[in-house]
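To start, the structure under review is shown below, and the notes come after it.
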Amino acid sequence: MAHWTIEQEEAINARNSNLLVAAAAGSGKTTVLVERIIQLVLRDRIDIDRLLIVTFTQAAAGEMRERINAAFFKELEKGREDGHLRRQLYLLNRSSISTIHAFCSDVVRQHFHLVNIDPHFRIADSTETELIKMEVLEELLDGEYEKGNDGFLDLVEAFGSNKDDKPLEALILRLHSFIQSHPQPLSWLEEKIDNLALGEDNWAENPWASELSQQIKIELSAAQDILNQALKLSNKAGGPRGYLEAIESDQKWVELLLKAADQGLPVLYSCLQQLSFTRLGRVSRDVDENLKNQVKILRDESKKILNAINSLLGRDPLEYLQDLNEIYSLMKYLGEIIQSFAEIYQEKKREKGIVDFNDLEHLALQILSNEAVAREYRDYYSYLFIDEYQDSNLVQETILNYIKKEDNLFMVGDVKQSIYRFRLADPSLFLEKQKSYPLQDGSVNRRVDLNKNFRSHPEILNAVNYIFRHLMSEELGEIDYDEKSYLYPGLNTGQELKYQEIDKASSQEGKEKENTAKRVEICILENNPDLITKLEENETEEREIPGEAENDFIERIIEMDNTEIEALLIAQKIRQLIQEDIYDPELQCMRKIEYRDMVILLRATRNSAGIFMEQLSAEGIPVYADASSGYFDTLELNLFINLLRLIDNKRQDIALLSVMRSPIGGFSIDDFIKIRTKLIPRREKQPYSFYEAMEFYMEDNNDDLKDRLVFFIQRLKEWELESRIMALDEFMGKLFMDTGYYYYAGAMPGGGQRQANLRILLHRAREFQKSSFKGLFSFIKYIEKIKSSGSDMGNACIIGENDNVVRIMSIHKSKGLEFPVVILGGLGKNFNIRDSNENVLLHRKLGIGPRYINTQLRTYHDTIARLAIKNRIKLENLAEEMRILYVACTRPQEKLIMVGTTRQLESAWRRWSQPVNSYNQSRARSFLDWLIPIIMRHKKEGQYLREIAGGDWDREILWEDESRWKVKLISPWQLTAEEIRKKEEKYEWERLLEQGGYSCPSAESEEIIKRLNWKYPYQEAENIPAKLSVSQVSQISSGYLEDGAADTFLTRVPAFLSGEKDKKTRLSPADKGSIVHLVMQNIDYRRVSREDSINQQLGEMVEREILTSEQLAVVEVNKIWRFFQTKLGQRVLQAKWLFREAPFNLLIAASEVFPALESQEELLIQGIIDLYFYEGEDIVLLDFKSDIVHHKSEEEILAPYRVQLKLYKRALENITDHRVKESYLYFFDLNRAIRV
């Protein structure tokens, strides 16, 4: 951003305060955060390692570090010679820019003795911890069954199932997981369970009654609004005045109930017992039937609300109290079970030397509760930065409160984008500060609002503001979307003017063109099969296309579900968009829309992404889905995992038949039949498994099938033996080669994707080996656990960010991203409310809410605690869905298209015509139920929808707004007509080709011939690469590539094709050299005082997972120590400014590398300089070598590296504008530095 806004400057420059920055979507929060850090370092002279910067993800931490690094280099490029600045480049590598878990890990490793934990602990992944939890559950429940305690048996009876204890196990795991978001998990659980033991004397203090009263008041207010509307219609000319008495009576009842709700549930219950409704009076014959019917509908709706409230409080509050007292002992025992589970789980992890992410937070919390340790961190860090603060939880908040000073906290985020409640994020932490922190300067706690949007076109911002002004409220969405929350255009003046010119030009082409130019579009698709079947009745045109093909397509439309038909619509929409122009802010001109400009956002991709991919691919649209599922369902994974299962246990029919029928086995269905049928007359009983049938067949027969079976089983036995003695990843890699399956998968359609999926499986096996579980059986169990727990992932990503494809992703994954065109699909899908259907509900404030279950009578009903928590969870889930919708609507830069499907449009119109208020919005089933009622009330743009919906629309309830909407109601016939038109075109082309009646005009023929005969004018440059590494240039220049070697270099034959066999050694010389370079890159030179100090640092590198224990074993510490004892090593240790692993790009003439080349082509040379340091104003350059060279002469040693050092020197002098006075190669094999 060239210019900072006033609010951005405040966020950057404010000091001596705790600052909450409420940064709306697209407001440049990361840029502001980085600039504040830069100013603290450059202007306030604070070292970068004295700032603690906590990000939400590792990727965000990496991006933050890169931005800061780039900003430092930018200052250096300006000619700023500042020792403090150069020091920051050195300190940046060890600065505290990380996730909260990485910070907690550092705290625990530094103070492990305070919590009695092994400092070499490993962080387990989620699947490993799930497997341990299952072990713990089995051990725990077996022990409880042995005890035979009545309390436990009651628990099983209440929360188990008729078949097994799975529901009880799931309950224990869910409660244990939930309480981890509290600083004192088990204490919190005990306290909340004890709250169930209420007495009559403290009944009024319970939080559940208050929660229910608030919800009932919302519903009563809705009934009041409905009755007011009915009263207004009744008083109109022609209105049903005979209904006034009943409506006014209902109004009095509502007022009475509202007052009773303020006095508590017992009073409200008594009042509801007396509730009665007056019958509607007679009306005159000349009454307006339309008004009469509307009033009756409204009255019935208000009665429905009042009856629902009466049902909710259908029992005396004292009966609810009795329920809680009776269920208390059961929940108390459940609490004890969870405490036992937590203790055993912790002990299991301690034995295995692992921790999970929750452990990191709680251990860090325990350590920081020690005042001396907390003071140490408070004194060290000058400022604390928390990115994405809206996604914090109470544990993380408590950790940071321990180490913050009175006025050094900087929190940035947007509560409207808090969409991680399922990860136990607590947006109330942000909301509480947002309400309490003043905007004025001078307070130790203050707030800055960033609401200028630098991403989206103003027309999109207007639409977003219009929707959420009428949707997001404190009552339902947990925040009022008012003027302080609006998104305001932040684009620079030049760009705004350009947009105005484009929009003006579009609008001058007529009203139809003006509608097309609208940047926000909503499409309502009615997928009603009954409507589609009328196509044949209504369609009377004669068509050239055969009727059978048309009927087939109509039949296909009828069979499509909502997702499929929506995908078809979006595919058609993309085909239209690809012909349109779009403004490119970077190019500052109009250009054609490309596929890469478009993204399809879905609420969830698990069951939908595959359908969208299939439909778009069928339409010839290149597409990639960033899905979170489907990986283990792919053909290549299914077969290979079946092979692993078979090797582990041959008596598994499904796995066995799968592998035998595949190219790995090569058997046919006829072979299977032959194996089975040969046994029928000879055996008294059929074999238990197909493997046994194979064994019997081999005993009784001597033919080709027997030979193949013998060979197949022998291979299985060999693999079984190898699986026991080889490392898992090595064994799987060998299976790839032995079966040829990796290359077979690569030859299948989508082979690149399939091979990438197999490589991911190999990587998972490699990671699994680091866990506490070992062996093929455990790995298969690990994979099955991932699948059964719903932790499946999407296919491996094989595309880059610049590939020209339409992307499909979830709204969650799109957070923080932006796209020129966003298509938001699935708006008609129902919200997921499964988490409010559990037998025991949990809430961070309301506590625990169980159902009352009578195990003798096998009956159950809701306790007052569950009723209150269920209601609160529903409202919080709806608030989350609102924020998810907000995130989706704020991703586009130029165009937003929203698509939703409904099957019952008639009933939807009745629902959407209801008043827009919190009550009706709380009953929404989908995003469409929120969007359409609001758009219908747009005075101008909603007219189209109001005309279709019908009814009497009072102009007082319509809203004037500057937002512009393109609203379309699309029937299945429109989709069908488009597809039939395409089929007609195809049929016509086929007819012409068959008749031979089509030929190209002569001018077109000449152009085709001209293009076919065209030759590329720069053929000599075709074999020259665009870029080379320094090592490759050195090889070429030093004669290592002789005649014809350039071709070999450019088209290297893979090892598996050249016949070379894989090395059996685990670490090659090149690997060992990389390890030495890794050590020299990460070792802290300031701590090098003796050989032991290097050993200590190497141990720390293993702990920090920079090195593995296998890699550590090959490091020759004595050789590293000898380097530091040399004169050059001493100069390195004494250097004030020292830089390691410095990457560079250098553009040179291609003829410098390939002298025979006559063209003026250029080459990009890439390299990484191991180390350089300053002595005065000059630079000393050093490159480490681990080659075995003691048998060579000095000239032979230096020959391959002269060009390399020359390029390093040239690049350094260009970048730094300082002279390189000396260049050295240090050979660890010689323990000697050689000057070049």
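The backbone N, Cα and C atoms fix where each Cβ goes, and this holds for glycine too.
DSSP assigns A24 (ATP binding site) to coil, not to a helix or a strand. The annotation ATP binding site is assigned in Swiss-Prot to A23, A24, A25, G26, S27, G28, K29, T30.
Per Swiss-Prot, the feature domain 'UvrD-like helicase ATP-binding' maps to 2-457; the stated evidence is sequence analysis.
Confidence over the domain 'UvrD-like helicase C-terminal' (515-816), given as mean pLDDT on the 0 to 100 scale, stands at 81. Swiss-Prot lists 515-816 with the feature domain 'UvrD-like helicase C-terminal', giving sequence analysis as the kind of evidence.
Excluding the listed site residues A23, A24, A25, G26, S27, G28, K29, T30, the same chain places V32, D414, L450, N453, F454 with Cβ atoms within 8 Å of the centre of the ATP site Cβ atoms. Shown in sequence order, D414, K416, Q417, N453, R455, L487, Y886, V887, T890 are the residues of the chain, 6+ apart in sequence, with a C-beta less than 8 angstroms from the C-beta of A25 (ATP binding site). The most densely surrounded of the binding-site residues A23, A24 is A23 (count of other Cβ atoms within 10 A of its Cβ).
When Cβ atoms from all protein chains are considered, those within 10 Å of G26 (ATP binding site) total 23, not counting its own. Within the group of binding-site residues (S27, T30), the Cβ with the highest number of other Cβ atoms inside 10 Å belongs to S27. Just so you know, the Cβ of K29 (ATP binding site) picks up 22 other Cβ atoms within 10 Å once every protein chain is counted.
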